[in-house]
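Chemist: Right, I'll just put the structure down here and ask away after.
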Amino acid sequence: MFGSLKWIIAITITTSLVKANYSPPERLTGMNPCISKQTCHECIQTPHCAWCAAPKFSEKRCFLPNINTKIFATCPAEYTWNPDNVFSMIRHRNLTKDEAHRMTFAYSQAEDYPVDLYYLMDLSKSMEDDKKKLSDLGQLLVESMSKITSNFRLGFGSFVDKVVMPYVSTMPKSPCDGCAAPYGYKNIMTLSQDTSHFASLVRNASVSGNLDAPEGGFDAIMQAIVCRRQIGWREKARRLLVFSTDAGFHYAGDGKLGGIVKPNDGECHLDITGLYTHSSLQDYPSISQINLKVKQNAINIIWAVTEEQINVYKRLTKHVEGSFAGKLSDDSSNVVELIREQYDAISSSVEMKDTASSAVKVKYFSKCLGTGPLIETSKCDGLKVGTKVEFTAEIEVTSCPENRSEWKQKFDIYPVGINETLTVNLEMLCDCECEREGAMYEPKSPECNGVGTLKCGRGTCACGQCECEERENPEEIISGHFCECDNFSCDRDQGSLCSNHGTCECGQCVCNAGWTGPSCNCRSSNETCIAPGTTNGVLYCVCGECICHEEGNTRYSGKHCNKCPTCPSRCEELKNCVLCQMYGTGNFTDKDECAKNCKTFVPEPVDTVIPDVDKDEVPCFGIDEDDCKYNFVYYYNETNCLNVRAQKERECPPQVYMLGIVLGVIAAIVLIGLALLLLWKLLTTIHDRREFARFEKERMMAKWDTGENPIYKQATSTFKNPTYAGK
């Protein structure tokens, strides 16, 4: 049920083309760009131009046949070189460059087209629940894909990262509980129609652990693509690679962190057990390497990633041809639905690409499923099984390669993700037959007095005198007895010939007055080195620029070498005049005294003082008696006059009301003292009341009784006789 490309045509194109970049016709003669062309190959490489190769011909040899009808009629047909602008199927025809030629082909989806699906999974510890869910859904995945095609094969591989610090810990064999030893990439199940084996292999695959967040998925993708025999990719099948992870990816250059500097070679390095053997020997592949291998092997990658990584992989799809990104749930429970949705999106669209070189431009046009006019597009969506879509390729040759062997080229037009191509053989006709030895090519021709070669009807030398080549730009002239001089090959400065300060004569600049140097970019005078003020720091003047020197620990700098950070400035000298003139402060507070002592300059008031480097302004600042900061700069103008610019307002700290502060402090001390006394009185009162209450309570609870002295004897003692009857 998947699409197969059904090519309508196969063609071979022979094209003559133009070197382009001719001067606009209005700069030549009217609207005729042909008359400036001096050779046959230059002529036929100009659109619509023809060349007359007749030996004796007095008219312009390069002409426009549809305009210069007289020349066209005068030149014999056998000597007229005018490649026909004809495009024909199968047969060879000559085509002129810069004229687009179209060919039509069609694409349709084939029913029950084979599908190879290879599931490449990140088996780091964080993906353990995803692995379990995939094993549970394995049979459901097979059933879902079987509804699309009966010719379905499934494979499985896993990856962790390079077994090198700092990617994984190289010490423990089990980096986490229930984990196996880390590894780079392992092909666990080759593509097979025995899909029932898939779930058990996924279930038995062991997870491992790594240290850093990104994974080594690019290593695994590269091996899964290029190891076609080991993975089992079929020649005629839709190839899907599902890449499942919850993390980012390492790419080219990251291997240097682990001391791996050898670039990835893009070759297969799997041993007989399916283990990647060069994981720690070469760097990760780059994104462009992955994209190249994807195109070469017609692979569609589905990035099945978690929500945290979806934006990263969506950006990656822009750089990997035929790839799509889908959001995977945290436990991969939606993996079957995701694969089916992405597969439907892939199979219901077709995008045309080509491998044409930079000398050939190919545009694509199609109506897709509509009935309107052709529109420029290389992609059509919404296709179904049996739907045929026609494309028109517009082929245009834009330039002639310098290497003659590249005049014959072959390029492919192909649909993204399908291993089918339309091959175009292209032959560029970039010169004339009469310029090659053979017909109309006569060395030491009598027409040239035996000292020149007659080709294409004209000689390379006439009467022993060189005829210098004419340039396309009429302002560029080649001259000299041996054509050894020109007016365009002199030295340039910033792209300007002779710096626009001279003329180019025989390859050397002849400078205007006041300029010297190979490209006339140096002033001959030292006027620009003379500063308005002192120039003690100038050692010598080169090309109008001061070259400063050092004197001991003193260093000069600036445009005129008059800047010396370690030298004393005039700031202190000018300070009092600036203060009195601007702010009425300083040593000259009296106006008369200020006017008497400050006659050399009047400061220019400005809002903010910013030194002008071009004027070599010297910045000055300080603190006056009012604790205010003042700023000014001084410099010398062209007439050696002192100029001063000063800030209008001083930067003063806010005024402090001392009496208020003192009274406030005293009041605060008094209030705090009163508060402390009141607090003490309150505490003592509370304490006394508590003690008195306790005393009253104890007094009320006290019980008093009488007591007698035990050694006290009363004076009278009474004794009774028990036998006495009361008498």
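Every residue, even glycine, has its Cβ placed from backbone N, Cα and C.
Unlike curated entries, TrEMBL annotations are predicted automatically.
Pasting the feature list from TrEMBL:
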DOMAIN    39-432  domain 'Integrin beta subunit VWA'
DISULFID  CYS40-CYS49  disulfide bond
DISULFID  CYS43-CYS75  disulfide bond
DISULFID  CYS176-CYS179  disulfide bond
DISULFID  CYS227-CYS268  disulfide bond
DISULFID  CYS430-CYS434  disulfide bond
DISULFID  CYS461-CYS466  disulfide bond
DISULFID  CYS463-CYS498  disulfide bond
DISULFID  CYS485-CYS490  disulfide bond
DISULFID  CYS511-CYS520  disulfide bond
DISULFID  CYS541-CYS546  disulfide bond
DISULFID  CYS548-CYS561  disulfide bond
DISULFID  CYS598-CYS628  disulfide bond
TRANSMEM  656-680  transmembrane segment
DOMAIN    681-727  domain 'Integrin beta subunit cytoplasmic'
Chemist: Consider the disulfide-bonded residues CYS75, CYS227, CYS485 and say which one has the Cα lying nearest the Cα of CYS520 (disulfide bond).
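Modeler: Comparing Cα positions, the closest of these disulfide-bonded residues turns out to be CYS485.
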Chemist: Near CYS511 (disulfide bond), which residues of its chain come within a Cβ-Cβ distance under 8 Å, counting only those 6 or more away in sequence?
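Modeler: Correct list: CYS498, HIS501, GLY502, GLY517, CYS520.
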Chemist: Can you count helix, strand and coil residues in the domain 'Integrin beta subunit cytoplasmic' (681-727) using DSSP?
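Modeler: The counts are 21 helix, 0 strand, 26 coil.
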Chemist: CYS548 (disulfide bond) has how many other Cβ neighbours within 10 Å of its own Cβ?
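Modeler: A count of 19.
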Chemist: Between CYS628 (disulfide bond) and CYS179 (disulfide bond), what is the CA-CA distance rounded to a whole number of Å?
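Modeler: Per the Cα atoms, CYS628 (disulfide bond) and CYS179 (disulfide bond) stand 73 Å apart.
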Chemist: To see if you understand the setup: which same-chain residues, six or more apart in sequence, place their Cβ under 8 Å from that of CYS485 (disulfide bond)?
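Modeler: Residues satisfying the criterion: ILE478, SER479, GLU505, CYS506, GLY507.
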Chemist: Within 10 Å of the Cβ of CYS227 (disulfide bond), how many other Cβ atoms can you find? Include all protein chains, please.
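Modeler: For CYS227 (disulfide bond), the 10 Å Cβ neighbour count is 21.
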Chemist: Helix, strand or coil by DSSP: which one applies to CYS40 (disulfide bond)?
Modeler: helix
Chemist: Roughly how many Å separate the Cα of CYS176 (disulfide bond) from that of CYS268 (disulfide bond), to the nearest whole number?
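Modeler: Between the Cα atoms of CYS176 (disulfide bond) and CYS268 (disulfide bond), the distance comes to 30 Å.
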Chemist: When a 10 Å sphere is centred on the Cβ of CYS490 (disulfide bond), how many other Cβ atoms does it contain?
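Modeler: There are 21 of them.
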Chemist: A 10 Å Cβ contact count, applied to the disulfide-bonded residues CYS179, CYS466, CYS541: which residue has the minimum?
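Modeler: Comparing Cβ neighbour counts within 10 Å for the disulfide-bonded residues CYS179, CYS466, CYS541 gives CYS466.
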